[in-house]
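Annotated in TrEMBL:
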type	residues	note
TRANSMEM	25-47	transmembrane segment
DOMAIN	41-287	domain 'G-protein coupled receptors family 1 profile'
TRANSMEM	59-78	transmembrane segment
TRANSMEM	98-120	transmembrane segment
TRANSMEM	141-164	transmembrane segment
TRANSMEM	205-225	transmembrane segment
TRANSMEM	237-258	transmembrane segment
TRANSMEM	270-289	transmembrane segment
Amino acid sequence: MDKVNGSVITEFVLLGLAQSLGMQVFLFLFLSLFYVGIILGNLFIMLTVILDSHLHSPMYILLANLSLIDLGLSSTTVPRMISDLFSGCKIISFHNCMIQMFFIHVMGGVEMVLLIAMAYDRYTAICKPLHYLTTMNPQMCMLLIMAAWIIGVIHAVSQFVFVINLPFCGPNNVGSFYCDFPRVIKLACMDTYRLEFVVTANSGFISMGTFFFLIVSYIFILITVRQHSSKDLSKAFITLSAHITVVVLFFTPCMFLYVWPFPTKSMDTFFAIVDFVITPVLNPAIYTLRNRDMKVAMRRLSRQVVSSREMP
C-alpha cells in the first residue's frame, strides 16, 4: 500500500448513525429536511441583507456573514452524513478526512470571532449609542470580518500542520460519523499526549473562555441599561436574547466535544448533530423571528418578488 506522508493508512472508517432500516429512513428524512432548511434559511438571510439597502449596517452585515459560515459549517458534514446512512462501507480517504477537519475548524474559528464582533456591535449600539456610527463604521465592520477569517484560518492551520504529518499505521476506525482532530490524533502510531493537549487548548479551552466572556459581556450590557433606564431593560433583553441563544447553541457542543473528560459515543453524536444540523437551521429563525427590521425587510423583499412576477 502506498504511503501518505509517512503513513501506511490511506483511508479511515467512519461509524454509522443507525443500524436499523427504520432509523436510517427516519434520519434520512430528518437530515434532508433540516439541510434544505439550512440552505434556504441562511441563503434567504444573505440575499435579504444584500438586496435591502435598509439592512446595510454592521449588525446585519455580520449576520449575513454568520449565515454564510453556518451554511459552510453544515455543508462540511451533513451531505456525507446523509449519503453514508445507507452505505454498507463508510470509508473516507485520508485526504478527504484532512480536508473535512480543516474546513470544520476554519468555519468554527470564523464563527467564534463573528459572535464576538456581534457582541461588540450590540455593546456599542446599546451602551454608547452616540458613538455607534463613528465606532462601527464600514471600515471597522470589514476589518472585523477580515480578522474573523484570518483567525479562523490560523486556528485550523495551527492544528492541521501537526496532524497531517502524523504517522498512521494501525487502527483506522475514527469512532465517529465525521473526522475531527481529537479522534484522528488517537489513531497515530506515536505518543500524542502533548498534541492532544494542544488541540484541547486550541478548540476546547478557547471555546470555554470565549463563551463565558460573551455571557459576562451581555450581562454587563443589561446591567448598564438597567442603571440608566429600567424602561429600556426589556427592549434590550429582547434584542440580546437572540444573540445569547445563538452563543449558547454554538459553544455548548464545542465545550462538551473538546473539553468534557468522559466522552461517550452517544453524547458525541448528539452534540455533533446539534452543532452541524440544529444550530445552523435555528440561527435564521432566531434572528428573523425576534428582529423587527429583518421581518419588515423580508416582507418588503417578498412584495418586490410578487410585483415583479405580476409585471407583463
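Glycine residues also receive a Cβ, built from the backbone N, Cα and C atoms like all the rest.
Where the annotation comes from TrEMBL, it is an automatic prediction and has not been curated.
Beyond the transmembrane segment (59-78), the same-chain residues lying 6 or more positions past its ends with a Cβ under 8 Å from any Cβ of the stretch are 31, 34-35, 38-39, 41-43, 45-46, 49-50, 100, 103-104, 107-108, 110-111, 114-115, 117-118, 121-122, 125, 141, 144-145, 148, 177-178, 246, 272, 275-277, 279-280, 283-284, 287, 293-294. Highest Cβ pair count under 8 Å relative to the transmembrane segment (25-47), across stretches 98-120, 141-164, 270-289: 270-289.
Segment contact holds for the transmembrane segment (98-120) and the transmembrane segment (205-225), given three or more CB pairs below 8 angstroms at sequence separation of 6 or more. Remote same-chain residues near the transmembrane segment (205-225) are listed as 112, 115-116, 119, 122-123, 126-127, 155, 232-233, 236-237, 240, 243-244, 247, 251-252, 254-255, 258-259 (criterion: CB distance under 8 Å, separation of at least six residues from the stretch ends).
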